Amino acid sequence: MPLRRSWAGILRRFHLRCHPRTHLLIVLILGVTAGRASFITCVAAWGDGFWELLPFSMQMCLIMFTGSVVAVSPPVRRALAWLASRPRTPRQSILLVALCSMLLALIHWGISIVGSAVLVRELGRRRAGADYRLLLAAAYLGMGTTWHAGLSASAPLLVATPGHFLESEIGIIPVSATIFSSFNLILVAIVVLIFSIVTPLLHPAPAETIEATPAQLEAIHVFEPPHPPAALKPAPATKLEFSRWVNLTFGALALVWVVDYIFVRTQHPVTLNVLNFVMMGLAIALHPSAASLVAAAEEASGLVFGIILQFPLYAGMYGIIRETHLAESLAGVFVAGATAHTYPVIVYWYSGIVNYFVPSGGSKWAIEAPYILAAGKTLGVPAAKVVTAYAWGDMVTDIIQPFWAIPLLAAARLDFREILGFCMILFCIYAPVVTLAFLLFPR
């Protein structure tokens, strides 16, 4: 216990002291020195680049927003409640949460964050005996092990989207070369299998188990759709607002568009825009009324403030890297210390370290991509391999830093240090496994 608290304190202080503004200062200094540009030139490049990533910013907001709206819909909540009734032992409960967190993250990381919290609450109410700290660590597992290898992986989906900001340098990289590559699929299967075995084994002995209190469980907010007013004869507008057919009609129209677009009109069926359109259609169709959809949307909008605040800052950093020739200087550093064989591992760990200081849900791709892709090209490493290494690195340190766990832990009334001991063990298993995989990455 003392060791776990010591690690928690160190990492928490480290995280609080290092945030995007610190990273911005580092990029400014590097731009002046390695990029051989004046300070005024760097500031001008930062300001000019501030709005360069507005489409990407909106895409990432919609990923978080639509994932939350879908996760709190009545059908999804009923499915999670049914799953919560299946386990019979504490370890089975831990296994269920870990599996759901990882598999939901493969589908959509926004659903994983919100859905896992709902599942923890349902399990706590139905099944006694499971350690609350480990339940929450397992609920966080998807963000630290699988999300950036799945269908909502921001970097692979971005480079598969026509018109992305690096298209002139690397073209369009289809998801068949990243998300659906044999390497990625096999590694995902291995990771899910390992943590399905390991996570339940971490459950403490009964004497050391800390269960959730009723107050903690009730504190985890669960969305309740509004009900129509109890009027004898509701107004036509009220009837329409609470009509099931309005949402179903919009959902059906969205389905028609998706089928037409994917199977008839395009060669790039899986992009960020398509993902968000599908999720928006699901969000509308799964809620029983327009009133329910709007209420869920109001709650979900509170989750995207971090993206809205941070993305212009990252875009400014991208402007500095692009305009001061800093990318060429940094690429030279990477080339000097790497070979074609070791470069994916270097990108993996570099991405992970930067992610600890700048947790971004993949948005720091705008900062790193220009120079890690340039270095990869010089070394003869395919761009798809660099993107895959970046994606896995971008999530490796999520499990040991609190940024994405803040909403979950705040609702659960726990401090990050209470789950960090379990998270550190998971990290120490996960990181070497994936490192070895990239060392064996087929050429």
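The backbone N, Cα and C atoms fix where each Cβ goes, and this holds for glycine too.
Annotations in TrEMBL come from automatic prediction, not curation.
According to TrEMBL, the transmembrane segment annotation covers 21-47, 53-73, 94-120, 132-160, 172-198, 245-263, 275-297, 303-321, 330-350, 419-441.
When Cβ distances are compared across the two stretches, the transmembrane segment (53-73) makes no contact with the transmembrane segment (419-441), since fewer than 3 pairs at least 6 residues apart fall below 8 angstroms. Counted as Cβ pairs under 8 Å, contacts with the transmembrane segment (330-350) are highest for 419-441 among 94-120, 132-160, 172-198, 275-297, 419-441. Among residues of the same chain six or more beyond the transmembrane segment (275-297), those with a C-beta under 8 A of the stretch's C-beta atoms are 59, 62-63, 65-70, 72-76, 108, 110, 151-152, 157, 223, 225-226, 228, 240-244, 246-248, 250-252, 254-255, 257-258.
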